[in-house]
Ligand code: PHE
């Protein structure tokens, strides 16, 4: 077998893993959840769970991946000591691959919308009103073309491999994303109404903390760190044994949460700035507007009210959304592609186009039955499957993988780990606390 590709450097891995984590989940999901869960109290709970639950689960995926140096299915089989546990490994792996693919199927649709709004901000600049109208109205043809273009971009990057595809594009796109984000915040914070938004975002009202808020915060942390479906596992498998895993995992968690926080700093004040400009920001039930309306109605009306600079700000914002989506979607596609290209005779290129094509068809089917399938697929993948897979992966690391082998895998690249708090806490923590906590969330979300 040809030698397996790796990330060329620490930075390459961090950019790629942070690129996977930072996506619509941060810039759209997090502010939206914050708005519908009463502001700062949600923000605090989210940070608590991101570090106390999602980070340990992220470490579980990274350590399996780097140790086994393989796709999710082969990696889990590799660390399983017996026939039944290998079977369980195959089951979890295949389930993860299917869920990662289905996440891409709906994510590609939403990312497509970001691209149509990006297109509309360009046509607005030239005052091509009909084109803008078409680009911003919901229709099957528009949706499928936009999703198709986005899928082709995702496929093209993944077909080029780890260093030439994932690493190269993540290291180019991520700094751009951060620059655009900061520029937008600086602008929004100088506008009327921003202060009120900042208050909602930063001053907690603890009476808002309810079980449903904790549930939402946990789900959000899981989705945002791309956990459960093998994305981080496979990225870990391209990481050298010389690298310090707990440290890199912590950097990725910090970057992801940091960007979510900064995105909130942009979006929540922007909602109030939009109100100051006369846009209604409350839904019929009296809560702050959220969901698609936030990005596709409140923000565009804010951009419109900015006068001459508006279309440029809109352009920057939707470029930001498209970049963030792309560095995430490539990590989803890598999950099935790594399995197919390692376990069949297909070349990476063939596997990528074939699997990308199948996922395109799934997206098209969702678009054709939008009312029925769109939220169904989102719920099946993010609400139910991601937490369940998270439990299974923690159980795999904590209970099935031979403990000495696990500890050795963890130590590689971190010479002083045995003196650290991480070393004392994490192995026990991931065995008992993580599965129980995730399971509790999961049961909660079933019984509603
Ligand atoms: N973390 C990504 C986001 O926040 C979504 C994602 C989920 C990516 C699962 C990969 C796997 O948008």
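Heads up, the Cβ atoms here are built off N, Cα and C, so glycines get one too.
No curator has checked TrEMBL annotations; they are predicted automatically.
Same-chain residues lying 6 or more positions outside the transmembrane segment (12-31) and placing a CB less than 8 Å from one of its CB atoms are 46, 107, 110-111, 114, 163, 166-167, 170-171, 173-174, 177, 181, 220, 223-226, 231-232, 235, 238-239, 243, 248, 251-252, 255-256, 259-260, 263-264, 266-268, 294-295, 320-321, 324-325, 327-331. Sequence annotations record features per position, and here TrEMBL assigns transmembrane segment to 12-31 (among others).
Long-range Cβ contacts of the transmembrane segment (43-64) within its own chain (Cβ-Cβ under 8 Å, at least 6 residues beyond either end) map to 30, 33-34, 75-76, 79, 201-202, 204, 209, 213-214, 217-218, 220-222, 224-225, 227-228, 230-233, 235-236, 239, 245-246, 248-250, 252-253, 256-257, 260-261, 264, 390, 393-394, 396-398, 401, 406, 409-410, 426, 429-430, 433-434, 437-438. Taken from TrEMBL, the feature transmembrane segment covers 43-64 (among others).
Long-range contacts of the transmembrane segment (85-110) within the same chain, counting only residues at least 6 positions beyond its ends with a Cβ under 8 Å from a Cβ of the stretch, are 23-24, 28, 71-77, 79, 143, 147, 150-151, 154, 228-231, 325, 328-329, 332-333, 335-336, 339, 355, 358-360, 362-363, 366-367, 374, 377-378, 380-382, 385-386, 389, 392-393, 396, 400. Per TrEMBL, the feature transmembrane segment maps to 85-110 (among others).
The list of residues near the transmembrane segment (144-166) in space but at least 6 beyond its ends in sequence, with Cβ under 8 angstroms from a Cβ of it, reads 5-8, 12, 16, 104, 108-109, 111-113, 115-116, 238, 322, 325-326, 329-331, 333-334, 337, 348-349, 352-353, 356, 359-360, 363-364, 367. Per TrEMBL, the feature transmembrane segment maps to 144-166 (among others).
TrEMBL lists 173-190 (among others) with the feature transmembrane segment.
Marked as transmembrane segment by TrEMBL: 217-236 (among others). Panel annotation: around the transmembrane segment (217-236), residues 13, 16-17, 20-21, 23, 25-26, 29-30, 33, 37, 42, 45-46, 48-50, 53-55, 57-58, 61-66, 71-72, 75, 93, 96-97, 99-100, 103, 245, 252-253, 256-257, 260, 328, 331-332, 334-335, 338, 382-383, 385-390, 393, 437-438, 441, 445 of the same chain, lying at least six beyond its termini, place a Cβ under 8 Å from a Cβ of the stretch.
What TrEMBL records for 248-272 (among others) is transmembrane segment.
The transmembrane segment feature in TrEMBL is assigned to 309-333 (among others).
Annotation source TrEMBL lists transmembrane segment at 353-378 (among others). Through the fold, the transmembrane segment (353-378) approaches residues 101-102, 104-106, 108-109, 140, 143-144, 147-148, 151-152, 154-155, 158-159, 333, 336-337, 340, 346 of its own chain, all at least 6 residues removed from its boundaries and within a Cβ separation under 8 Å.
Under the heading transmembrane segment, TrEMBL lists 384-401 (among others).
Taken from TrEMBL, the feature transmembrane segment covers 421-447 (among others).
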Ask   = Near the transmembrane segment (309-333), which same-chain residues lie under 8 Å Cβ to Cβ, leaving out any that are not at least 6 residues past its ends?
value = 16, 19-28, 100-101, 103-104, 107-108, 110-111, 114-115, 117-118, 120-122, 124-125, 150, 153-155, 157-158, 165-166, 169-170, 173-174, 176-177, 180-181, 183-184, 187, 226, 229, 231, 235, 295, 299-300, 303, 352, 355-356, 359
Query = When you scan the chain for residues with a C-beta under 8 Å from the transmembrane segment (173-190), skipping those not six or more beyond its ends, what do you find?
reply = 15, 18-19, 22, 27, 198, 259, 262-263, 265-266, 269-270, 273, 313, 316-317, 319-320, 323-324, 326-327
